Amino acid sequence: MGDIEKGKKIFVQKCSQCHTVEKGGKHKTGPNLDGLFGRKTGQAEGFSYTDANKNKGITWGEDTLMEYLENPKKYIPGTKMIFAGIKKKSERADLIAYLKDATSK
């Protein structure tokens, strides 16, 4: 399990420009991530996803996020997420720990 505080810093630096995590938070360029864990790809209500995201058909969890966040465009070809990914596994683990905590409140 990663470090939540380190993960929060990574989120602020790399993700918060396009995503929010708080319950009832607005969609930005990317969807609000509240309730992310256990939700299928392309299912955040009120966000316009690509067909690639809607049709991927996986459920978000630690393992799927670990793979996705390494290289989003490889994991979901056709996604509109313009993020290159996080190559360091420890940084992905920290971010996932933060997301698990922040999106389930």
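Any Cβ shown, glycine's included, is placed from N, Cα and C.
Given the structure is predicted, the values throughout are model-derived calculations rather than measurements.
Taken from Swiss-Prot, the feature N-acetylglycine covers Gly2. A 10 Å cutoff on Cβ-Cβ distances gives Gly2 (N-acetylglycine) a total of 21 other Cβ atoms nearby, all chains included. Gly2 (N-acetylglycine) falls outside any helix or strand according to DSSP and counts as coil.
Per Swiss-Prot, heme c binding site is recorded for Cys15, Cys18, His19, Met81. Under 8 Å, Cβ to Cβ, and six or more positions away along its own chain, Cys15 (heme c binding site) finds Gly30, Phe83, Leu95.
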Nonlocal neighbours by CB distance (under 8 Å) for Met81 (heme c binding site), same chain, sequence gap 6 or more: Cys18, Gly30, Pro72, Lys73
